[in-house]
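Engineer: Attaching a single structure in structure tokens format; questions to follow.
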Amino acid sequence: MGNQVEKLTHLSYKEVPTADPTGVDRDDGPRIGVSYIFSNDDEDVEPQPLPQVPDGSGLPDGGDGQPLPPPQPYDPRLHEVECSVFYRDECIYQKSFAPGSAALSTYTPENLLNKCKPGDLVEFVSQAQYPHWAVYVGNFQVVHLHRLEVSNSFLTDASHGRRGRVVNELYRYKPLSPSAVVRNALAHVGAKERELSWRNSESFAAWCRYGKREFKIGGELRIGKQPYRLQIQLSAQRSHTLEFQSLEDLIMEKRRNDQIGRAAVLQELATHLHPAEPDEGDSDAARTTLPPTRPPAPASEAEDRGSGREVVAH
């Protein structure tokens, strides 16, 4: 392979091979694992300009010359995926939309400043965009990985107008002291491109707060059985579980799900995975059964599709 890297698009769930040709892991139920090799998720895509109406006012056009209605307020329950992450049997991350959950509350950047303390993790969210994470370091400023560079910015500038929230409670690792978190973040300001050890803003910010090598590129060996599980909540009684060999791969998939949105994730699973009805009296969340798989598309085909994301399937 040498220096040549084959670029493959993200595979849809029906294209991801599993250990068993029928799509069922006979030992532990159905599982899918995806590794993102030499790949960063592109949360830095330039925002698309609003379409112009004939009079040049810049208002969105519904196609008949009438402006589209104003966008609805951002609702995490509509756009985000409720999920949990496990390392073997230990829950290390949980996003729950239960009443009172912090994941439901988002604020304008100006109001968010009133809730931040040095060392806090901040997440900016918006429909159809990758969530953007940052470390609040005080004095209205955050440190964040943006456009392949660790930057020190004002929180209001880093938000790019998106709503945000403090997300210290999503990961369940023991945090470092606030001063250590701030020190970790500030020590890497100016690092860029080949100097970076993280694939995305979430991995960088989480590493600053928890100091765990698992958030870094290549922080774990991808050998043996996948120890990480991403449990996607389909409904109150039903979930689907994916397995990964490293936390960084799982984070990439979790972020992809948030970027494409809850409806698209549920549609993918509904289309390509046939739910198996739980046995009567079974209180566990139902698992899903995969249809027979097909091999991933050749690299040339994948490049024609234009994604550029590099993926290998397990």
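Each residue's number is its place along the chain shown, starting with 1.
The backbone N, Cα and C atoms fix where each Cβ goes, and this holds for glycine too.
As annotated in TrEMBL:
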REGION    1-75  region 'Disordered'
DOMAIN    122-217  domain 'LRAT'
REGION    274-314  region 'Disordered'
COMPBIAS  302-314  compositional bias 'Basic and acidic residues'
Engineer: If you run through the domain 'LRAT' (122-217) with DSSP, how many residues end up as helix, strand and coil?
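Structural biologist: Reading the DSSP string over the domain 'LRAT' (122-217) gives 31 helix, 29 strand, 36 coil.
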Engineer: Please give the average pLDDT for the domain 'LRAT' (122-217) in this predicted model.
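Structural biologist: Overall, the domain 'LRAT' (122-217) comes to a mean pLDDT of 97.
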